[in-house]
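Below: the structure, in structure tokens.
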Amino acid sequence: MKTKKPMAIGLLILGIVSILLALYLDVTNLQLSYNLTAKTSFSINGMLLIIGALLVIVGMYTFPTRKHKKIINILFLFPLLFSFAVTVLVPFGFGIFYSMTDWNGIDFNKFVGIANYVTMFKSADYLYSLLITVIFTVVNMILVNFAAFALALLCTSKVKGKSFYQAAYFLPNLIGGIVLGYVWQFIFNKVFTTVIAGSDSMLTDPNLAMVAILIVSTWQYAGYIMMIYLTGLTSVPKDVLEAANVDGANSWTTLLKIKVPMIANTFTICIFLTLVNSFKQFDLNLAITNGAPARVLGEKIIQSTEFLALNIYNTAIGKNQYALGQTKAVVFFVILAAVSLTQVSISKKREVEM
Amino acid sequence: MKAQKRRRLIADIVGCIIAIIVLMPFFLVLINSAKSSADIVVSPIALPTNWGQMLTNMSNVINNQNFSYWTSFASSMLITVVSLVLLIVFSSMAAWVLSRNKTKWSNVIFMIFVSAMVIPFQVVMLPLLSTFRGFSTFTGIQMLSSYKGIIFAYLGFGGSMSVFILHGFIKNIPYELEEAAWIDGCTPEGTFFRIIFPLLKPVQVTVLILNGLWVWNDYLLPSLMLGLNGKIKTLPVAVSSFVGSYVKQWDLILSAAFLAMIPIVVLFLFAQKQIIHGMVEGAIK
């Protein structure tokens, strides 16, 4: 106990000194680095900072005190909270602020208020993108849930090899949208045009390209949602179903009057999950069409299948309009937050009823 | 009885047809990655005449400068494994502290974690890049196009959902367990690592699978943080950069896609139950 205290204090002091030294070097713009080999070098400033932080942590940990539990609490929370704050909270705050400036990705010159928002809602390509994203989201939600529920019913019936079917339907969901998107681009451009000889690729027509993305998205996602429905359906108590059977209900009535109402909660989860995920669709969109083909709307040429997430990406990274891209992202967030709040309030209401 | 039999037969046929349709794209990838470019032009649906072509295609793709399969595979592996380990340990620690301390602060922090699950990546990605760039120039710690930067980012982005799932689980572990350990003279950190942490295994598998698939398949974050042609590439980024430089060379692109799919498909064959269970659990919570 007696030797512990000075040691802990020593570590703390050493750590704080090294952090302060690192910060001092940073503030005075003195970047020291050590060349390990001709090509690799590491920054002494950064090293000092990390070592200092580690020393402080060890010092705090070994510091003998009655408040040891509190210190542990802080140390346990710190790593996750720190990374969360740096990667999510701080950029989120900056993001909302930047959307009201003329930010160019590095710095900004002036505060412009809501000018970006006005520009955004006046630009035809954004409004078009918003519109098709909403259409895609709703249609995709309906398609995926229909397909998934039908598949779930199929998998609960007395089919042979159920587990094989489940695995097969689930498989597309495991592979990244980028890879699958390129595969499907091949299927639309080469395979379908061969199967229906002489036809044009679906991806060259604005409306059919949208249908193409819907097909792939349903194909990829239905298996996952099916699994959630399956979990719901198998949770319906057996005795209730038996009672219905004894009472002479046929399978349709059992489905509509017993199963569906009993898994209403599952429906809410699946519907909102597909809504949110379809709205955020990016990978497939990028890999299948990347916004193409172009469509003439009024007098303007517009990318016909550019959903919001891709539109944000292209505005900022492609056209280098960071402030405008960030503005679109903020609106994107607001819409998603509204959808999620709706879901929470619906599930809350149902809990009260139960 | 006859009607029932017929219905079962119909269900069998329908299930089979759907399975064939669903698996068709994978089959097409398989057969076309064993064809030369010319053969694909002739017919993309015919079976390959010479399966040996697959090896030629594979070796072309694996040794390709833009794809460099083994390096990308190793990078993806490293990023995924390290992120997951850190995420599991740190989020279990945080969730334990947050669920065992019923103070105002722990409530506030937990609520922030929960509400942050709504934040889409798009709204933070641009400021994130500039924050990381600023952090790098200020402290000299390289955050962009480096392993530590991207792992740090995954820790931050995966944190809120992981804490949420783990928090719900820890709440149901009886507190008496910890009190008993405390009375026996166990330190709080000992209590956590020896008693609570092992109990979390089932829910940690869920967290592991959800985050693992996400990190492994993620494209946008690595493409922004590592760059499309940077030194470090994850598999999805490598596929995309490969497609960008070999436009319409379908034999090579499909071989690349095939190679990129293999690891996950193999994993799925071995851990099918856990993966499906994990993903469903994650969605319901």
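In case you wondered, yes, glycine gets a Cβ from its N, Cα and C as well.
Per TrEMBL, the feature transmembrane segment maps to B:9-31 (among others). Under 8 Å from some Cβ of the transmembrane segment (B:9-31) lie the Cβ atoms of residues 44-48, 254, 257-258, 261, all in the same chain and six or more residues away from its ends.
The annotation domain 'ABC transmembrane type-1' is assigned in TrEMBL to B:73-271.
Remote same-chain partners of the transmembrane segment (B:73-96), defined as residues 6 or more beyond its termini with a Cβ less than 8 Å from a stretch Cβ, comprise 147, 150-151, 154-155, 158-159, 162-163, 166-167, 170, 192, 196-197, 200, 204, 207-208, 211-212, 215-216, 222, 232-235, 263. The transmembrane segment annotation in TrEMBL covers B:73-96 (among others).
The annotation transmembrane segment is assigned in TrEMBL to B:108-129 (among others). Outside the transmembrane segment (B:108-129), and at least 6 residues removed from its termini, the chain residues within Cβ reach (under 8 Å) are 98-99, 144, 153, 157, 159-161, 163-164, 167, 220-221, 224-225.
As annotated by TrEMBL, transmembrane segment applies to B:149-170 (among others).
Panel annotation: around the transmembrane segment (B:191-216), residues 76, 79-80, 83-84, 87-88, 91-93, 96, 154, 158, 161-162, 165-166, 169-170, 173, 177-178, 181-182, 235, 264, 274-275, 277-279, 281-282 of the same chain, lying at least six beyond its termini, place a Cβ under 8 Å from a Cβ of the stretch. Per TrEMBL, the feature transmembrane segment maps to B:191-216 (among others).
Here TrEMBL flags B:252-271 (among others) as transmembrane segment. Long-range Cβ contacts of the transmembrane segment (B:252-271) within its own chain (Cβ-Cβ under 8 Å, at least 6 residues beyond either end) map to 26, 29-30, 32-33, 37, 54, 57-58, 60-62, 64, 67, 69, 73, 213, 216-217, 235-236, 238-239, 242-243, 246.
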Surrounding residues of the transmembrane segment (B:149-170) on its own chain - C-beta under 8 Å, 6+ positions past either end: 79, 82-83, 86-88, 90-92, 94-96, 98-100, 110, 113-114, 116-117, 121, 128, 132, 136, 142-143, 196, 200, 202-204, 206-207, 210-211, 214-215, 221-222, 225-226, 232, 281-282, 285
